[in-house]
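Engineer: Have a look at the structure that comes next, please.
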Amino acid sequence: MNILPKKRWHVRTKENIARVKQDEAKFEEEKRKKEDRSLLAEQESRTEFLRKQQHARLTPGCSASSNNRVALLSDRSVELIEGNKEYEAEKKAEQEAQEKSIGLLTYLGQSMLDSGGQKPWYDIHPKKRKLDDAEKLK
């Protein structure tokens, strides 16, 4: 394929092909490093878990007291994870009301007329529009 020498933007020039190969190699290297880091972190977490599990087996007296402590706090921890349902529902309703008031939230198949907004200017008869304008001026 004969490419004009001034056409540096062309995809198949030697320089552009080399640049693409270099970028792909760099991407693969970064991907490999990221995967290696994630595997190392996973391995460390597994070994730490197994160490704790082994330590718990070796010291049975301590595990009973810690299990009671966990049992006492388990209800509270579940509540912390789930959050306050009433507050979340109230917050969501407040946000929906605010979005409806500014016209951001409309449901599928719902027009501005259905959502409670004013009729658009093109939907109002010209005579009625003139009357409304005259009333506003008074």
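Note: Cβ is positioned from N, Cα and C throughout, glycine not excepted.
Just so you know, TrEMBL annotations are computer predictions that nobody has curated.
Bear in mind that the values here come from a model prediction, so they are computed numbers and not experimental data.
If you look up TrEMBL, you'll see 8-44 marked as domain 'CBF1-interacting co-repressor CIR N-terminal'. Here TrEMBL flags 22-46, 116-138 as region 'Disordered'. The compositional bias 'Basic and acidic residues' annotation in TrEMBL covers 122-138.
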Engineer: Can you count helix, strand and coil residues in the compositional bias 'Basic and acidic residues' (122-138) using DSSP?
Structural biologist: 14 helix, 0 strand, 3 coil
Engineer: Restricting to the domain 'CBF1-interacting co-repressor CIR N-terminal' (8-44), what is the model's mean pLDDT?
Structural biologist: 90
Engineer: Of the residues in the domain 'CBF1-interacting co-repressor CIR N-terminal' (8-44), how many are helix, strand and coil by DSSP?
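Structural biologist: Result for the domain 'CBF1-interacting co-repressor CIR N-terminal' (8-44), in helix, strand, coil order: 31 helix, 0 strand, 6 coil.
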